[in-house]
Amino acid sequence: MSEKYVVTWDMFQMHARKLSERLLPASQWKGIIAVSRGGLFPAAVLARELGLRHIETVCIASYHDHNNQGELQVLHAAQVPNGGEGFIVVDDLVDTGNTARAIRQMYPNAKFVTVFAKPAGAELVDDYVIDIPQNTWIEQPWDLGLTFVPPLSRK
């Protein structure tokens, strides 16, 4: 990845709330399926904004280190009826589409949304808020901490 896109908590909440608005009216939804781990954060915002209390998880491991995607491993799958009909599946982003394709097979009738989308996977989700170039790594706020940054003159 040659570029980085740093997301702050404020930015993330703003984008997740925008996604929530697009999912109104809330009465059409039975619940949320959060894709662990990145989808847990937007799921919390969606649950609050839409007044939903039924939250399930699907746990898929694909990034085995910070930069490299590996073979998908389904660690846990939410058991919901009718292929996820009436459920929102949410993840933080769709990148190559590998995880999204697996999710689509598991929950073909769910509404699949993400906060961020890269070109290779964007067509696999029903809605998203922000376009991100394919060669850009997203630094999510839950992966960051506050730290001292030395002045440029000291490098």
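Going from the start of the chain as shown, residues are counted 1 onward.
Any Cβ shown, glycine's included, is placed from N, Cα and C.
The following features are taken from Swiss-Prot:
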{"type": "BINDING", "residues": "Arg37, Gly38, Asp91, Asp92, Leu93, Val94, Asp95, Thr96, Gly97, Asn98, Thr99", "note": "5-phospho-alpha-D-ribose 1-diphosphate binding site"}
{"type": "BINDING", "residues": "Asp92", "note": "Mg(2+) binding site"}
{"type": "BINDING", "residues": "Asp95, Ile138", "note": "guanine binding site"}
{"type": "BINDING", "residues": "Asp95, Thr96, Gly97, Asn98, Thr99, Trp137, Ile138", "note": "GMP binding site"}
{"type": "BINDING", "residues": "Asp95, Ile138", "note": "xanthine binding site"}
Residue, out of the binding-site residues Leu93, Ile138, whose Cβ gathers the largest set of other Cβ atoms within 10 Å: Leu93
Number of other Cβ atoms within 10 Å of the Cβ of Asp91 (5-phospho-alpha-D-ribose 1-diphosphate binding site) across all protein chains: 31
Nearest recorded site to Trp137 (GMP binding site) by CA-CA distance, among binding-site residues Arg37, Asp91, Asp92, Gly97, Thr99: Asp92
Trp137 (GMP binding site): secondary structure state under DSSP, collapsed to three categories: strand
Fewest other Cβ within 10 angstroms of its own Cβ, chosen from the binding-site residues Thr96, Thr99: Thr96
Spatial separation of Ile138 (guanine binding site) from Gly97 (5-phospho-alpha-D-ribose 1-diphosphate binding site) - C-alpha basis, Å: 15
